[in-house]
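S.K.: I have a structure I would like to understand better, so I am pasting it below and will then ask my questions one at a time.
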Amino acid sequence: MSQAAGNPYAAELAAAKKAVTLAARLCQAVQKDILQSGVQSKADQSPVTVADYGSQILVSLVLKMEAPASSSFSMVAEEDSEELRKEGAEEILENITELVNETIVDDGTYSIYFSKEGILSAIDDGKSEGGPSGRHWVLDPIDGTKGFLRGDQYAIALALLDEGKVVLGVLACPNLSLGSIGNLNGGSSGDQVGALFSATIGCGAEVESLQGSPAQKISVCSIDNPVEASFFESYEGAHSLRDLTGSIAEKLGVQAPPVRIDSQAKYGALARGDGAIYLRFPHKGYREKIWDHAAGSIVVTEAGGLVTDASGNDLDFSKGRFLDLDTGIIATNKQLMPSLLKAVQDAIKEQNQAASPL
């Protein structure tokens with residue numbers, strides 16, 4: 001049964017899927033140019049910056065055109081227009097404007113042409129602070145910037161908050177195969193590439209091709225023996241305490257090496273059973289942003305999984321732009337969660353004891 005049947009957020013879901021699909025087209029065009037030109041940094045003039053802004057503008061446009069207007073439009077997103085309004089930013093603003101307009105024309109759905117001022121205004125649609133009341137869209141226009149630059153995994157991640165709760169999430173993963181991932185950077189041999197994950201509260205989770213295909217219901221794996229489990233973590237070592245995640249895996253009895261991929265594509269892969277566990281333990285002092293987890297977490301929970309902080313608390317997306325949580329984020333199926341939580345807490349305790357002076 002499709003999520004549209006009996007889904008109170010069916011119209012919002014359709015708009016969200018359309019929004020991230022259009023944004024993905026823009027991102028794919030830019031990534032192709034990056035790989036051909038050899039760009040490898042997120043400098044202010046770099047193509048990835050253009051793609052970040054362009055993706056956000058297109059998502060905002062489609063949502064405002066397609067999603068039911070319950071009240072004033074509100075979106076919590078990563079980018080604002082401050083840098084683009086500064087002296088010296090004219091060239092990058094010109095590039096963004098040109099790319100967005102080209103994408104809209106190529107798509108053919110909307111007869112809209114953005115001026116530069118219209119571009120700046122559309123970017124600032126994402127300046128909402130979110131919070132516990134009302135409806136707020138939550139967007140990461142390119143999650144996994146370094147993966148995007150390398151030609152690896154990235155995601156356009158969009159969720160809807162309703163009264164502080166995530167009720168809908170979509171993940172466009174242009175480089176993720178539709179088949180189960182088979183190596184350590186999320187690639188797969190021979191499978192069609194470009195996955196679109198979606199979930200609505202109470203209606204389950206699905207995956208379909210970004211190019212358009214019937215949606216298929218997905219569910220997390222049913223593994224209950226940690227020895228048979230594999231775990232996902234960030235590709236970038238700077239994003240993760242690998243000594244800690246390695247200790248957790250060892251205490252749990254996991255024998256497979258970690259599968260390291262960028263972005264919330266990890267949540268999508270976990271939700272369809274490609275692996276059993278996701279561990280995210282950033283370095284001390286890092287504050288998690290809600291757009292880094294809102295869409296991915298509901299895809300996993302609607303696929304039958306659990307997503308919590310290191311103490312087993314549900315993630316609270318109602319506190320504004322940041323998550324207020326304990327230490328890290330873990331996700332797995334219901335069978336493995338009790339033993340995973342114990343391994344996490346034992347490993348953290350051991351690490352803290354080793355770090356404290358005698």
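Keep in mind that glycine also has a Cβ here, set from the backbone N, Cα and C atoms.
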S.K.: According to Swiss-Prot, Asp140, Ile142 bind Mg(2+) 1; so which of Glu78, Glu79, Glu206 is the extra one listed there?
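M.R.: Swiss-Prot lists Asp140, Ile142 binding Mg(2+) 1, and from Glu78, Glu79, Glu206 it also lists Glu78.
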S.K.: The Mg(2+) 2 site in Swiss-Prot lists Asp140, Asp143. Which one of Asp33, Asp274, Asp292 belongs there according to the record?
M.R.: Asp292
S.K.: For the adenosine 3',5'-bisphosphate site that Swiss-Prot assigns to His239, Ser263, Lys266, Arg280, Asp292, which of Thr103, Thr109, Thr145, Thr332 is also named?
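M.R.: Of the residues offered, the record points to Thr145.
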S.K.: Among the binding-site residues Glu78, Ile142, Asp143, whose Cβ has the fewest other Cβ atoms within 10 Å?
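M.R.: Lowest Cβ count within 10 Å among the binding-site residues (Glu78, Ile142, Asp143) is Glu78.
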S.K.: So for Arg280 (adenosine 3',5'-bisphosphate binding site), how many other CB atoms are inside 10 Å of its CB?
M.R.: 23
S.K.: Write out the long-range same-chain contacts of His239 (adenosine 3',5'-bisphosphate binding site), meaning residues 6 or more apart in sequence whose Cβ is under 8 Å from its Cβ.
M.R.: Pro282
S.K.: Listing them in sequence order, which of the binding-site residues Lys266, Arg280, Asp292 have their Cα within 10 Å of that of Asp140 (Mg(2+) 1 binding site)?
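M.R.: So the list is Asp292.
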S.K.: Can you give me the residues near the recorded Mg(2+) 1 site, meaning same chain, not Glu78, Asp140, Ile142 themselves, Cβ no more than 8 Å from the center of the site's Cβ atoms?
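M.R.: Going along the sequence, the neighbours appear as Asp52, Ser55, Gln56, Ala77, Glu79, Leu139, Pro141, Asp143, Thr145, Ile156, Ala157, Trp291.
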S.K.: Tell me which of the recorded positions Thr145, Ser263, Arg280 ends up closest to Asp292 (Mg(2+) 2 binding site) in space, Cα to Cα.
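M.R.: Out of the listed candidates, the nearest Cα belongs to Ser263.
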S.K.: Filter the recorded positions Asp52, Glu78, Ile142, Asp143 down to those whose C-alpha lies within 10 angstroms of the C-alpha of Ser263 (adenosine 3',5'-bisphosphate binding site); answer none if the list is empty.
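M.R.: Correct set: Ile142, Asp143.
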